[in-house]
Amino acid sequence: MKTLYSLRRFSHVETLFNTTLAVAGRDQETTGFAWWAGNARLINLSGKLLGAHVAHAGLIVFWAGAMNLFEVAHFGPEKPMYEQGLILLPHLATLGWGVGPGGEIIDTFPYFVSGVLHLISSAVLGFGGIYHALLGPEIIEESFPLFRYVWKDRNKMTTILGIHLILLGLGAFLLVFKALYFGGVYDTWAPGGGDVRKITNLTLSPSIIFGFLLKSPFGGDGWIVSVDDLEDIIGGHVWVGSICIVGGIWHILTKPFAWARRALVWSGEAYLSYSLGALSIFGFTACCFVWFNNTAYPSEFYGPTGPEASQAQAFTFLVRDQRLGANVGAAQGPTGLGKYLMRSPTGEVIFGGETMRFWDLRAPWLEPLRGPNGLDLNRLKKDIQPWQERRSAEYMTHAPLGSLNSVGGVATEINAVNYVSPRSWLATSHFCLGFFFFVGHLWHAGRARAAAAGFEKGIDRDFEPVLSMTPLN
């Protein structure tokens, strides 16, 4: 009688120490997993699993290169990036490539080079993935003992963790080196409306860097998302990179403590769940960063933040009505509060009207007009520069609002405003991805814990509905 499932299906998250175990093929009979279970069929085949991961990396890098070139081909220098639906070129521009004063794009060749390099890299990764999936040894340690691992081997797993941490730390230092030595990065706070500059005076004070982590996430505090100068951002990368590298070396040289051996589940599916949980946190954090932060994600490339667009509208109409003779310091609105200017609960002078809720916005085009107690009336009357007027009028009409059918802008505008902000796309996508990764974390964590406790049996293959259905062919 044909066996529809293997007993090894019942210990699917554990790898046996018996290295003589024959793993014949990649079908349901020999692995206990059907074709749609994906890489689960390769749990015990380290060579094939390596091929799957390398090929997956190739697909990711191919998308990056192809999408990069697609955006270069469609880019028009006469419009800002955020009006053109771009999500990759803004990242390259933020790193200081091809950008001039004020965020103007003066050279697209670096973007073309980036796309080509990613395509070439994806070809190398794709070849490596195909080689390891089809031609290389199924179990890699049979040919290369150095790469032998068993999911239950706690010491080997923490060594692999350490290697990953060192690589992540080196990645963080790549940004540091770019900012310090290789041309600098784009600083939206540079005088006169932003420019590329080298970062010379890093913030390395632990009280400042780790103070961000201890801040409240609410209101004007904003947790780490409140960072608003590049010295802090690059200094933070020095700290993160150093901690990752030191932590990686520590994990390579040490063995897990007894409490860690007891508290954690040591299986392939458990490691998957830990990774998904970490990625979920990354996704939610990136969502908040791209939505609220206009230093790491300059508005010149990503469009204004929601609060920024709102404050820009108040500023634009203050400029207009002041020219028409309005006394912006004394005019009252329909509620009796200041029409153009009012005081915040802490006594600062802020913009009046509905935008009062965004009174703690900080933006490069607005900060020069502040004094010690908020907005300075004398500066508003005498010091407003043309570039500030132009930028606020532009941001006012490009709020990061709108739906997927590209009817964007603010609610008072006509439907012809065909615009969805990259901030909307990036924040929404990272929130959704973060959420689904969190669900995946819970799912795989539950399965891993159940398997470790000995009562997870998976789907009963004897009574699977698909087995009683007519074959597709």
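Cβ atoms here come from the backbone N, Cα and C positions, even for glycine.
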Which range of 45-65, 255-275, 423-443 is transmembrane segment, per Swiss-Prot: 255-275
Candidate ranges 291-312, 335-356, 357-378 [criterion: Swiss-Prot lists as transmembrane segment]: 291-312
Of the residue ranges 97-121, 447-471, the one that Swiss-Prot records as transmembrane segment: 447-471
Best-contacting stretch, by C-beta pairs under 8 Å, relative to the transmembrane segment (69-93) and drawn from 134-155, 255-275, 291-312: 291-312
Cβ neighbour count within 10 Å of Glu367 ([CaMn4O5] cluster binding site): 11
